[in-house]
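**Student:** Below you will find the structure I want to go over with you.
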C-alpha cells in the first residue's frame, strides 16, 4: 500500500452547515491524517484559477460563483491510498447517487452544492496541494 497525499476542500455549503468536525472525524477514523489546513474565502480569481480545467464547461461560472459564496476549509490529507480512500468517503458527485453513509449523501444538497472536493489522481493532487499550500513538500512518505 502506498502512502499518498490528496487535497480536500470542504465547500461553502458544508461549512455553512457547521459539519467541518464531522467530516474531519470521517477522515481520521478512516486512516487519513490532516497534515495541513486552512480556512479561507476564495476570491473569484483563486476559484477560477483552481478550476481552470473546467473553464470551457457550461457549469464553470456557476462553480466559481458557488466556491466564492462563503468560506471553505482546505486540507491536505495523508494516508494509505489517500486519493482513492478520500473519494470513497466523499461518494458520488451527485449526492442523490451517493452511497448511504458517504459525506455527500449525508451533507450535500445537490450536484452543485455537493459539500466536498477531492483530488482524482496523484498528478492532480500534487498540483492542487501546491496551489493552496505553496512550498509544501508533496512527495508522500517523507
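Each residue, glycine too, has its Cβ placed from N, Cα and C.
Grabbed the feature section from Swiss-Prot, which reads as follows:
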- 11, 59, 87, 93, 104, 114: ATP binding site (BINDING)
- 117: active site, pros-phosphohistidine intermediate (ACT_SITE)
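Describe each of these features in terms of where it is and what it packs against.
**Tutor:** Neighbour density for residue 11 (ATP binding site): within 10 A of its CB lie 22 other CB atoms from the protein chains shown.
Residue 117 (active site, pros-phosphohistidine intermediate) falls within a strand when secondary structure is assigned with DSSP.
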**Student:** Between the binding-site residues 93, 114, whose Cβ has more other Cβ atoms within 10 Å than any of the rest?
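**Tutor:** Counting every other Cβ within 10 Å of each candidate, the maximum falls on 114.
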**Student:** Report the same-chain neighbours of residue 117 (active site, pros-phosphohistidine intermediate): residues 6+ apart in sequence with Cβ closer than 8 Å to its Cβ, ordered by sequence.
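**Tutor:** Result: 7, 8, 9, 11.
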**Student:** Long-range neighbours only, meaning 6 or more apart in sequence with Cβ under 8 Å: which ones does residue 59 (ATP binding site) have?
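**Tutor:** Long-range Cβ contacts: 112.
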**Student:** Compile a sequence-ordered list of residues in the same chain as residue 104 (ATP binding site), six or more apart from it, whose Cβ lies below 8 A from its Cβ; state 'none' when nothing qualifies.
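**Tutor:** 90, 91, 92, 93, 94, 95, 98, 114, 115, 116 - these are the non-local Cβ neighbours of residue 104 (ATP binding site), listed in sequence order.
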